[in-house]
Amino acid sequence: QDLPGNDNSTATLCLGHHAVPNGTLVKTITDDQIEVTNATELVQSSSTGKICNNPHRILDGRDCTLIDALLGDPHCDVFQDETWDLFVERSNAFSNCYPYDVPDYASLRSLVASSGTLEFITEGFTWTGVTQNGGSNACKRGPASGFFSRLNWLTKSGSTYPVLNVTMPNNDNFDKLYIWGVHHPSTNQEQTNLYVQASGGVTVSTRRSQQTIIPNIGSRPWVRGQSGRISIYWTVVKPGDVLVINSNGNLIAPRGYFKMRTGKSSIMRSDAPIDTCISECITPNGSIPNDKPFQNVNKITYGACPKYVKQNTLKLATGMRNVPEKQTRGLFGAIAGFIENGWEGMIDGWYGFRHQNSEGTGQAADLKSTQAAIDQINGKLNRVIEKTNEKFHQIEKEFSEVEGRIQDLEKYVEDTKIDLWSYNADVLVALENQHTIDLTDSEMNKLFEKTRRQLRENAEDMGNGCFKIYHKCDNACIESIRNGTYDHDIYRDEALNNRFQIKGVELKSGYKDWILWISFAISCFLLCVVLLGFIMWACQRGNIRCNICI
């Protein structure tokens, strides 16, 4: 007798999801490595090797440092009144004027860099009884001796150097930055030759601050033919405040002020070339795209940049769990459900159906469940980027040798922040990956349950993601199941009749085996009963005695 399941009276419908031959390994909360059909790299690990000049205004310092440009070193005159978003200092920058030091170099550099301008306003300071515009052979401006263009070196006039007392109010509505200095001669003779007094002094004050500097006379290592030094200082005068300068010698006076601006301009040391291109994020290595949430190119950044992490790679799952398709399927060929494996041949959707009926075999994607999964996954990358991208810049920190402990503490804090963000990135990506896999599995289960509810008693769950349909189901019938218009009442009587026939035949085909097992069990039971009866009878007759000792 032929089985009803082998003729045209039944059909097989399987549900499955797509798969690829070689997936991508990602990390989730529960698994360090799980294969998915598709994933996106989240860590930017390389730069363009060049700094883009758009949309940020880049000012190439070339052979000048920012402080040299600020002071007006002769070879930096081209930077007068310049503006920038990012000032790029080069490793080959050098000073070419009178040797100087800035006791609070890092703070001054940072202050000017963030202001984003070298706009300078000359003011009418009155220096009575002294000679102005001093110069040095160490600071050539053309063939003649020169000096920093933003500073005024005051020396004796004749044989006198009177006490200077000058005030300059700030009647404007913005902060003013004044740069001034103190000259440290190399010998006592140089001191008296320039300033008459054996020891001079400078005091600069406002209502909020006061600085008093006494020259330190003594020989230092020769630089550009000079063993003396100039110490550069700075004072910020707020609106409504007054700048007061008192000196009896050694004063390097300001010629005016720099107009301070508030903004997010910055400075960066880099030897990367500047090119015409567009990039929001800049590192010392060059510009990098900011379409990823993380980067490990450089800790120092400017602009809207990915967050720096230690990891070289973090992959965000943008596809479902990948279960490559098995190559052999026995009698049913490739028709098997999602419980066993995915389907590599399905390219027009993530979820779908395969069927086998009287008209042959076929496959179709389920676009509704596919779109539901894609809608939930789309935007994941953008959401991660929004959570992590810096909207500000991270500048390099500089400290003098005296502030070594502060530098160590700052480094520790920065390293701790990087460790924390690296850990957070790991957890964030693992959580997102877990969510992606769970939701794609959920969509598969939803589709399977939806199909089960349609078929009801007309089909049987085969346990592998497939249904055995107990009625004739042509391609139109299969299509009605896929699109949700299937009416199980129409096929119920036929399905019940075929189910009973198939189950009955299956019972008859296994009848002999059941009889053998039942007969064996009864025989064993009867043998045990006879043996137990014989022992009891023998004990009563005295033929067998049983002693129990305690």
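Cβ atoms here come from the backbone N, Cα and C positions, even for glycine.
In the three-state DSSP reading, CYS277 (disulfide bond) counts as strand. A simple way to gauge crowding: the CB of CYS277 (disulfide bond) has 12 other CB atoms within 10 angstroms, across all the protein chains here. The disulfide bond annotation in Swiss-Prot covers CYS52-CYS277 (among others) and is backed by sequence analysis.
Packing around CYS76 (disulfide bond) is summarised by its Cβ count: 27 other Cβ atoms lie within 10 angstroms of its Cβ, all protein chains included. The disulfide bond annotation in Swiss-Prot covers CYS64-CYS76 (among others), and the record cites sequence analysis as its basis.
CYS139 (disulfide bond) carries a strand DSSP state (E or B). Around the Cβ of CYS139 (disulfide bond), the same chain contributes ASP73, PRO74, ASN96, CYS97, TYR98, SER145, GLY146, PHE147, PHE148, each under 8 angstroms and 6 or more positions distant in sequence. Under the heading disulfide bond, Swiss-Prot lists CYS97-CYS139 (among others), citing sequence analysis as support.
According to Swiss-Prot, the feature disulfide bond maps to CYS281-CYS305 (among others). All protein chains included, CYS305 (disulfide bond) registers 28 other Cβ atoms within 10 Å of its own Cβ.
When other Cβ atoms within 10 Å of the Cβ of CYS477 (disulfide bond) are tallied across all protein chains shown, the result is 19. Among the features that Swiss-Prot reports, disulfide bond is placed at CYS473-CYS477 (among others), with the record citing sequence analysis.
Look at Swiss-Prot and you will find ASN8 (among others) tagged as N-linked glycosylation site, backed by sequence analysis. Taking a C-beta cut-off of under 8 angstroms and a sequence separation of 6 or more, ASN8 (N-linked glycosylation site) has the following same-chain neighbours: ASN357, SER358, LYS472.
The annotation N-linked glycosylation site is assigned in Swiss-Prot to ASN22 (among others). Sequence-distant neighbours of ASN22 (N-linked glycosylation site): residues of the same chain at least 6 apart with a C-beta under 8 Å from its C-beta are PRO324.
Per Swiss-Prot, the feature N-linked glycosylation site maps to ASN38 (among others). Same-chain residues at least 6 positions away in sequence with a Cβ under 8 Å from that of ASN38 (N-linked glycosylation site) are, in sequence order, VAL20, GLY23, THR24, ALA317, THR318, GLY319.
Marked as N-linked glycosylation site by Swiss-Prot on the basis of sequence analysis: ASN165 (among others). ASN165 (N-linked glycosylation site) carries a strand DSSP state (E or B). In sequence order, VAL244, ILE245, ASN246 constitute the residues six or more apart from ASN165 (N-linked glycosylation site) in its chain with CB-CB distances below 8 Å.
Counting only same-chain residues six or more apart in sequence, the Cβ atoms lying under 8 angstroms from the Cβ of ASN285 (N-linked glycosylation site) belong to SER47, GLY49, SER270, ALA272, VAL297, ASN298. Feature annotation from Swiss-Prot assigns N-linked glycosylation site to ASN285 (among others).
Swiss-Prot lists ASN483 (among others) with the feature N-linked glycosylation site, giving sequence analysis as the kind of evidence. Long-range neighbours of ASN483 (N-linked glycosylation site) (same chain, six or more residues apart, CB within less than 8 Å of its CB): none.
Among the features that Swiss-Prot reports, S-palmitoyl cysteine is placed at CYS539 (among others). Around the Cβ of CYS539 (S-palmitoyl cysteine), 12 further Cβ atoms fall within 10 Å across all displayed protein chains.
Feature annotation from Swiss-Prot assigns S-palmitoyl cysteine to CYS546 (among others).
According to Swiss-Prot, the feature S-palmitoyl cysteine maps to CYS549 (among others).
Taken from Swiss-Prot, the feature topological domain 'Extracellular' covers 1-514, and the record attributes it to sequence analysis. Mean pLDDT for the topological domain 'Extracellular' (1-514) in the predicted structure: 88.
For 536-550, the entry in Swiss-Prot reads topological domain 'Cytoplasmic', with the evidence type sequence analysis.
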Cβ contacts of CYS281 (disulfide bond) (under 8 Å, same chain, 6 or more positions away): SER287, ILE288, PRO289, ASN290, GLN295, THR301, TYR302, GLY303, ALA304, CYS305, PRO306
Assigned conformation of ASN285 (N-linked glycosylation site) - DSSP reduced to three states: coil
Fewest Cβ neighbours within 10 Å, where candidates are the disulfide-bonded residues CYS64, CYS97, CYS473: CYS64
Rounded Cα-Cα span from CYS52 (disulfide bond) to CYS64 (disulfide bond), Å: 20
CYS277 (disulfide bond) versus recorded positions CYS76, CYS473, CYS477, CYS539 - nearest by Cα: CYS76
Length of the line joining the Cα atoms of CYS76 (disulfide bond) and CYS477 (disulfide bond), in Å: 84
Local Cβ density at CYS52 (disulfide bond) - other Cβ atoms counted within 10 Å: 21
